[in-house]
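Quick notes on the structure that follows.
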Ligand SMILES: Nc1nc2c(ncn2[C@@H]2O[C@H](COP(=O)(O)OP(=O)(O)OP(=O)(O)O)[C@@H](O)[C@H]2O)c(=O)[nH]1
Ligand SMILES: [Zn+2]
Ligand SMILES: [Zn+2]
Ligand SMILES: [Zn+2]
């Protein structure tokens, strides 16, 4: 049983990489499930159904529990003046590569922490660990998104410092993570030029809920039929206030703009 | 398949309310799923079949209200039905919209016994 939130049972696995825990080991995991309950009462209006049955008015948001924990995470970030960024994209657009470059290039500029969401492996977390940043892995198993509860537990092992930057690499999937607020301040959606320029129209929720869109792999533009103007226009149709930065993580082109954006936050 | 997480959230809410009311069973459940949410209804139905087994909702009759999307234009103040998040204002073609309706994802009521 988890003492913070009273959750019990099975669920995702959280591994703390490269950090000393009580056992002195390199990797420590524990599992958590979901067992949260609320205590708000709604007015139970009764009217006839079967004898002995009655109607209870519930009027409750299904994501209420997640949103509550997200607010709690957000409060924690605000108190410690931590910039938390939720990185979302379809698989393979370059989230991990962008993080590797960012952590290497900006080393020493701030304290960086990373939460890596992945369905099965620790491959991405190992890559991040190699840059020297503090990283925690969340394996969602069959789950296709992170939720606020997973992030809350992942943070417990991270010992975040004040004024730090926390990157949360979500599971590669443009649909499911859109619905789950993690308590982040900024949501950054990454697409790459090897995808269709109609991505924003196919997955509008993700673009609608993000504040920055990074278009990666611009070094490949000569070889692919991707129309970058059209992609940007499509993204703006979904979300007119979305900022757009074009980068290549391979050549480093455009990365300084991304670093400036980070600096401004 | 975030639909499974959503169904599990619904089961949690139903069980909590049923327990609080001292109910033995939930005969009916009424849900509201707005048309602008990313809930895919086929995925939702199959997640439902799997996830309600052995829970208080196993034998419940479920009613789903699909609330249509509605938005207001922040540039010309027109109000209109919104099918997709990327649709433009029919009056001024603007994209600065405020969504009034269609994002709901709620348990409305239960019939308990
Ligand atoms: N040409 C080119 N390749 C890139 C660039 N950025 C990343 N890649 C390559 O794209 C592939 C996928 O990159 P990752 O960083 O693993 O992508 P990801 O988004 O983390 O993938 P998932 O975690 O599986 O969702 C790798 O082979 C990278 O080397 C780029 O700017 N240009
Ligand atoms: Zn917990
Ligand atoms: Zn999903
Ligand atoms: Zn208008």
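Using N, Cα and C of the backbone, Cβ positions are placed for all residues, glycine too.
According to TrEMBL, the protein has these features:
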| type | residues | note |
| --- | --- | --- |
| BINDING | B:2 | Ni(2+) binding site |
| BINDING | B:73, B:76, B:89, B:92 | Zn(2+) binding site |
Chain-mates of B:73, B:76, B:89, B:92 with C-beta within 8 Å of site centroid, Zn(2+): B:74, B:75, B:77, B:78, B:90, B:91, B:93, B:94
Winner by Cβ contact number (other Cβ atoms within 10 Å) across the binding-site residues B:73, B:76, B:92: B:73
Rounded inter-Cα distance in Å - residue B:92 (Zn(2+) binding site), the residue listed as 'Ni(2+) binding site': 36
Helix, strand or coil at residue B:73 (Zn(2+) binding site) [DSSP, three-state]: strand
Among B:2, B:76, B:89, B:92, the binding-site residues whose C-beta sits under 6 Å from ligand 4: B:76, B:89, B:92
Residues from B:2, B:73, B:89, B:92 facing chain A - binding-site residues, CB under 8 A: B:2
Rounded inter-Cα distance in Å - residue B:76 (Zn(2+) binding site), residue B:2 (Ni(2+) binding site): 36
Lowest local Cβ density (other Cβ within 10 Å) among binding-site residues: B:2, B:89: B:89
Binding-site residues whose CB lies under 6 angstroms from ligand 3, from B:2, B:73, B:76, B:89, B:92: B:2
Length of the line joining the Cα atoms of residue B:2 (Ni(2+) binding site) and residue B:89 (Zn(2+) binding site), in Å: 30
